[in-house]
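Chemist: I have a structure here, written as structure tokens, and I will follow up with some questions on it.
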Amino acid sequence: MEKLQNLLSEDAVCKTGFVSIVGRSNVGKSTLLNAMIGEKIAITSDKPQTTRSRIKGIYNDENSQIVFLDTPGVQKPKNKLGSYMEKEVKSSSSSADVILYVVDESENIGKLDNSIIESLKKSKQPKIIAINKIDKLNEEKIFQLIKMYDEIGIFDDIVPISAIKKKNVSELIETIKKYLVYGPKYFPDGISTDQSNKVMISEIVREKILNYTDKEIPHGTAVEVEKIFDNKQKNMIEISVVIYCERDSHKKIIIGKNGRKLKGIGKSARVELEEIFGCKVFLETWVKVKENWRENTNYIREFGYIEEK
């Protein structure tokens, strides 16, 4: 009984909570998540809506645990996948203890940001705004942005940051802690994400597709992991993935002349996976077509973009 009481009292001195990271596409939400956790949790690229589903990144220190929910970038849905992503953002925000709204260095508040701000006005949770990419601005411009967002009157705190330079990231974490309550930790120490190996592998391969392709092609691809085998005799992990696209013409582009582009995608993904697993990785990649899969609820669910309740 005494041991249980000690454990409960230890948990009680820890500040914990869920923080939803929201904002439009390409403002650096995933880069910020990685900077706060201190390792790569979410894939990043310069293309809109790189993040498709809710990703949990878990920050731990001596007296706190913050579970960050990185959500897809807010934009007008163009297909069923986009609609499910929009629902994911709303669900994440409603269940969070704190909302972290990320904007970039833009001097004007556009239609999408206005829409997000109007939605945030209805939220009762504490709201923090992180003004990202301040490494591109002088002090006067930073002050002007702080003043502009402060005048909106809904934010409990405003923190200017540079996620890519890791500037003021620690200050942002300390600001978030102010709005958390004492309670037990949700995850064991040492856990930085709840992503499975399958999800992590598929996301890394998808990131390389984003880097190697352009226009509509990367947005119309999904990656499914068919096999993960830990070959202890060879000290090697054997992985087989299928890259799905929506058209035969897209398949040809992903494969490339003499298979060069697909080899580049595979090699780049394999190198990163070897760093993560700490051993050799054999990565087998296939490309298949599932026409208009982004409009098909069954395919969207199959690829893991709809959370099973």
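Each residue, glycine too, has its Cβ placed from N, Cα and C.
Just so you know, TrEMBL annotations never went through curation; they're auto-generated.
The model shown is predicted, which means the values in this text are computed figures rather than measured ones.
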Chemist: Quick one: which of 62-65, 70-73, 194-197, 230-233 does TrEMBL have down as region 'G3'?
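Modeler: The range carrying the region 'G3' annotation in TrEMBL is 70-73.
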Chemist: Which of these ranges is annotated region 'G4' in TrEMBL: 120-123, 132-135, 292-295?
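Modeler: Here TrEMBL associates region 'G4' with the stretch 132-135.
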Chemist: Can you dig out which of the ranges 44-48, 49-53, 104-108 TrEMBL describes as region 'G2'?
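Modeler: Matching range for region 'G2': 49-53.
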Chemist: Which whole-number mean pLDDT does the model give the region 'G3' (70-73)?
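Modeler: That region's mean pLDDT is 70.
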Chemist: Please give the sequence-distant neighbours of the region 'G4' (132-135): residues at least 6 beyond its ends with Cβ less than 8 Å from one of its Cβ atoms.
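Modeler: Same-chain contacts beyond the ends: 27-28, 32, 102-105, 142, 160-165, 167-168.
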Chemist: What's the most sparsely packed of the binding-site residues D70, D135, counting other C-beta atoms within 10 A?
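Modeler: Output over binding-site residues D70, D135: least Cβ neighbours within 10 Å is D135.
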Chemist: If one looks at the chain holding K133 (GTP binding site), which residues at least 6 apart in sequence have a CB under 8 angstroms from its CB?
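Modeler: K133 (GTP binding site) has long-range Cβ partners V27, G28, D104, E105, S162, A163, I164.
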